[in-house]
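Report on the structure given below.
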């Protein structure tokens, strides 16, 4: 008789993100007094990039949204200029991932409009868009930019059509999309692209998830699961999986995980609770972390996704007594790597007319750059032009490093150069307080080169930088804390410049000594 021994295995798994915690911003770092829209559309109503924050607002007659400088926190002026060119309520807004000064909006007036934001921000009401897209017959509820191709925009409306627009054309009003996808039998609720942008996943009010090849418009797969009614869908990076959030047949909130190559049966399915708010999923492909935030909830759950069973691992939960109406997400290039921030939300709190930044932080003792939690990430340069993508070429995103000093800040004039042909321009990677010694040396070198006969026009067009921030976008400090922070940043910059000057003085003295030694040696050799 053989006795088999049971092996004990721990129930926890090792993960560097087990102790990630959410840190809400202080009152001084929030945007207060924002008239957030009362629309019942299940969108985020907010879009963020490293320079600006845009939020859809409540207004009388037509639709409008605000564009605020990301550093201009505190009380918002009730007479703040708006972008108000739509004749109906604005339903969705999205920043161009390759141009921080370009934003698209869609509205109940059946149009999609693309706007150019001035480098100083919106100083007066904007009513004339850069491009106007006319093609839908009913209100447009959702827009998405292509993740790797420049100036390719997707829109979907209550006419059940998904339209693809090429903005690289001379016309100001575009009436003919390059492709119309007509596979849906009801309103499209969400859209998501894979990493290369070669596949489009959609959820529809008919409870089906569809996988579509966007260029040809061919339907590749669709789900027919009766136990899960999906409302939001998300590609999970390079894991070849789809994540959907929705409800079960008993109207419990539920999420499901799907194999990208087989949508017949979900890989995993889990019920959460009986609340009625829509679940918004957000995925970080660099850390493989998934965040789940419910509309009207105060809490936020986060998970870690793996390619092996059980695929999804619960980490912890952020709790707050302030319910969120929508959430904006800062791109990775706008995070503060010095505090080990791996994700940042901008939470819309309607009951207080407040926009609250919420940072997800990995606790680390070391203050140095943590390369293990900041791998190469998708940058702000397109991998393809619109024509290349339409011709059938697919490419992954152009990657960039988040290490301070690895990216040189670029001015607005450089970014907008060549606007006649394309919106594809370089972006600014500047971060507050991140001015590096290597960057200062580069600037000194370029100035010396220009003194020797270089071109002075580029020097005039360059935006001046102070403490890693464009002076055009700097705002005067409103509180004592902001004044103290700016003082510390200036002291740090002065200290670094002094170190640079001391190094140059030492080098000059060394060269003088060498010259003196050479002269002495030559003088001793001459009598011989």
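For all residues, glycine too, the Cβ spot is worked out from N, Cα and C.
Record features, source TrEMBL:
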DOMAIN    10-74  domain 'DUF1899'
REPEAT    83-117  repeat 'WD'
REPEAT    133-175  repeat 'WD'
REPEAT    181-222  repeat 'WD'
REGION    405-475  region 'Disordered'
COMPBIAS  445-462  compositional bias 'Basic and acidic residues'
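Using DSSP to sort the residues of the repeat 'WD' (181-222) gives these counts of helix, strand and coil: 0 helix, 22 strand, 20 coil. Looking at the repeat 'WD' (181-222) alone, the prediction's average pLDDT is 95. Counting residue by residue with DSSP, the repeat 'WD' (83-117) contains 0 helix, 22 strand, 13 coil. Secondary structure counts, DSSP: the domain 'DUF1899' (10-74) has 3 helix, 24 strand, 38 coil.
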